[in-house]
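Chemist: Can you keep this structure in mind? I'll have questions shortly.
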């Protein structure tokens, strides 16, 4: 009997002799098998696809094409993990072992379904047994699309399936996929990590490139949803066909490249595409002359470790790549396994995949496959990724511990004693160890360890895609940075990818209708509003009773209480004038009261003069309320008191004007009309009543500028009427005529208040009350000076003019001028005596309806 070592050497030599005649089609039914008490199935993408069959007329098995070194390495990782588990105390103490049957999914759903169909032969190409034990669990697949299809089939018998790379969100739904588990987190956490990275880096204007499949669509929906919630906008979404052999693939890649070129301000692109798709996209962008080096590419786990996307380009040609990859374990034991793979320990007869690997035709080293000058183990080492190997090892370890739990309670060596659903239940409840740490599946059947964040680097032409810059922790949605590599990641934050620049404090974002929320213009906050942070959606309001702010303010300023105080020099001066005015009014009133029977006082209006003086006192007093700490009551009193007082004053002046006009009106028709309308006290009461209504409306709507304006306009209207009447009687006898004084006083009033309006509107601050106070004093002193001071001068210093004879002479001269064309002129040839004057004056007043002289005396 030949030694075992010689037999193994012979098998290796035979396999090497066959490699020159090997073809892809020869291995369409290839598989890797190993016997055991519990059989595990495996689905790995040993090939990148299947050959197209344009004319299909009957069911057939398509030929697999393009050997996939990554998928082959993953299958070897499962074989190594099974062999390690069989040597572990977990199984050796029970005297049981695991076997495997590994199939090639050829990266094709139909091929994977055919391989996983329980009604078909599950045996590998090298296994000739007709009574193969059933598969108790399946490891795979890599693609989410294939895993979803296979999971639905395995659900029929509740055969547990553990994927090492499928991250589609839908697979966490235990109602639809009760037998599916995985050793990787759902894409919900990957997209969550991506969004957090974008938020931390203030990248709010990004593009997305994804593949048209269950994985790509699911990841896209999750990313867009979370990005929108975090204030990140997606400028464009480019979806590439899932299959590279699709007739639309080339045009889709061209369209994506054109979109990227047009959106030059999108400096960050998130990609869930396949490695080969990204390679073709980069090549297309390069051919278009697009500036790739300015962008940051955020790579998903589907290509974050695949440096073959560079093709013939170098890393600076495409820009910066930030990748999200699964957590990794210790790769040293697997590397040792690969180094010994071509040695006598490997029996190629049970692994047709390995046989195909050795049979591949010579290619360059850069293509990632075997060449005549390259050791096969080095090729495999370059295509082994610590994270994927670790995920496969976790899947095998979980099954080993679940089987150990079952077999510790029953005899597992007897065929049929263990059912797949028992293994499924044990998997969900078991806690297994690997590399000194314990792991369990969560309620959704996932193992979520977070992600490693890598930053691709080029050192002397060598691309390093495994340099971990940070770790993502899904429990608190945060990153922890790796010492030494933090700078590589934080340096990328200098890249600006925004649709609109940030709005500084003092401004708010105004988003145009129909635009992205990230595209806006910055508008200054209005007065008494502020924004104290960047990119605020609206300005905040100041507490206007205690605070204020200018336009475009980033904060409110506490108001300093300023008012027209009693200590202010200007206030003291105005108050002095108001007090002096009150004193003068009282003195004039006393003087007029003492001389109330004299012609001057009677000509000044008699009792109406006392009413005017009383109203001036009220108007002067109202000026006092404009000084001091303002209160609601004070503001009401000063406006109402002035409005009513001055209205009473002007109303009396109006009555005086009408009286003079009636007394010396020579036109009989006009005299009769005016006499019927002339009711002095009724006119005064009506005028004041209308102002009372206006003031009442102002009190109901305190602070209303409209009501305040109506009040002033009403007084102005009365003043205009006085002015018109007084101007009409400007040529009447000077001793009896106040028309000129009334005209001047009303003109002074109107001019002062016309000036007041624009000054009042444009003035702010503590001196605003002083403006109105000045106008009030001017109006009061104007009436006092024009109406009363000349009379006081005559009473005190021109007593000879304050006699009946003086007035009689003045009236006589005016009468002669008024009737020069009548026969009465000859009759009045000399000044009348005192009695005649009195009768004449009384008749004139009786004609105006204001004298009790009997009618027969005036005939």
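Backbone N, Cα and C define each Cβ position, glycine as well.
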Chemist: Looking at 532-554, 739-761, 808-830, I want to know which stretch TrEMBL calls transmembrane segment.
Modeler: 739-761
Chemist: Residues of the same chain, at least six outside the transmembrane segment (570-593), with any C-beta under 8 angstroms of its C-beta?
Modeler: 564, 601, 604, 609-610, 613-614, 616-617, 620-621, 623-624, 627, 767, 770, 773-774, 777, 780-781, 784, 788-789, 791-792, 795-796
Chemist: Restricting to the same chain and to residues at least six past its boundaries, which positions have a Cβ under 8 Å from a Cβ of the transmembrane segment (767-789)?
Modeler: 564, 570-571, 574, 577-578, 581, 584-585, 588, 592, 604, 609, 612-613, 616, 619-620, 622-623, 626-627, 630, 642, 646, 649, 653, 738, 741-742, 744-745, 748-749, 752-753, 755-756, 759-760
Chemist: To what whole number does the mean pLDDT across the domain 'G-protein coupled receptors family 3 profile' (570-811) round?
Modeler: 81
